[in-house]
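> Quick one: this structure, given as structure tokens, is what I'll be asking you about.
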Amino acid sequence: MAEHDYHEDYGLNSFNDSSQEEHQDFLQFRKVFLPCMYLVVFVCGLVGNSLVLVISIFYHKLQSLTDVFLVNLPLADLVFVCTLPFWAYAGIHEWIFGQVMCKTLLGVYTINFYTSMLILTCITVDRFIVVVKATKAYNQQAKRMTWGKVICLLIWVISLLVSLPQIIYGNVFNLDKLICGYHDKEISTVVLATQMTLGFFLPLLAMIVCYSVIIKTLLHAGGFQKHRSLKIIFLVMAVFLLTQTPFNLVKLIRSTHWEYYAMTSFHYTIIVTEAIAYLRACLNPVLYAFVSLKFRKNFWKLVKDIGCLPYLGVSHQWKSSEDNSKTFSASHNVEATSMFQL
């Protein structure tokens, strides 16, 4: 996988504390576990993010800044998960797709990883502005929409620029088998620092600061939506911490304590936490789109239009609930967002 550089694979071949039998057991486990997890994330992420894109583009339309972000986020996650079948095959067998595909997929994988994390950060800041600066946000919706599109464009450009080391130095190497990665230790350090900063610490800091203020604001507000909004905030934070913290902690340990490369148990930890981290691509559609009542209503419209299920008379139910939600939002001069129009 893209996270596995030359040094990691070299470490697998230079263990000291593990027996040959334990090492072979680990290789067999990795050969089965990672491809299976990649395929699960691929299928779930493909379905979930495709649904979000289709509904956002053809049903929901771009009505707010949040909508702009909720088009770019599933797009990034969708392209990200589409690289996983290649890594799954390489995990079972070896890299057979050549050097050009190696560089291309490393670049695509990395660009969309950074884009997804930076957009999550922007969504967090946007929610902060909408709740804490509600009146100002409401009065400047058009300007915020324009800036949102510019910000999304900048995010894609920045993601491309910070992904250049993987694209330039990515190559195919022959260890026990052909692998796609990069073997320069200095490049690995730069890549790790960038991934930790943009892919973990930045969104984590934004969530801690913004959601702390949002929670304080909601606790002093009235309305029937307050408790549900708080639950969603805690759920978003919990999912991010549970899926991203273990793998980033392991990567940090891996970069500072090379002796762990000789421990087979540590490599189990690497691949398990890596698989957990990729679950974000499956969970983002649920956390950032399907929590919206309007989005769920549009989902049922899509289901009706493609004829998969009868509409079952749910239209009136969604309409009634949506009217209540709009009343709540309007009374607070709050722009409709995926978190607060529930």
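Using the three backbone atoms N, Cα and C, a Cβ is placed for every residue, glycine included.
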> Topology question: in Swiss-Prot, are THR66 and ARG228 both on one face of the membrane?
yes
> Pick out which of CYS82, CYS102, CYS282 Swiss-Prot lists as the disulfide partner of CYS180.
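Cross-referencing Swiss-Prot, the cysteine bonded to CYS180 turns out to be CYS102.
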> Suppose we draw a 10 Å sphere around the Cβ of CYS180 (disulfide bond). How many other Cβ atoms does it contain, all chains included?
25
> How about the transmembrane segment (104-125) and the transmembrane segment (33-59): at least 3 CB pairs under 8 Å, pairs 6 or more apart in sequence, or not?
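Answer no: the transmembrane segment (104-125) and the transmembrane segment (33-59) share fewer than 3 Cβ pairs below 8 Å.
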> Report the listed stretch (144-164, 188-215, 232-259, 276-293) having the maximum count of Cβ pairs within less than 8 Å of the transmembrane segment (69-89).
276-293
> Helix, strand or coil by DSSP: which one applies to CYS180 (disulfide bond)?
strand
> Could you tell me which three-state DSSP class CYS102 (disulfide bond) falls into?
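Assignment for CYS102 (disulfide bond) reads helix.
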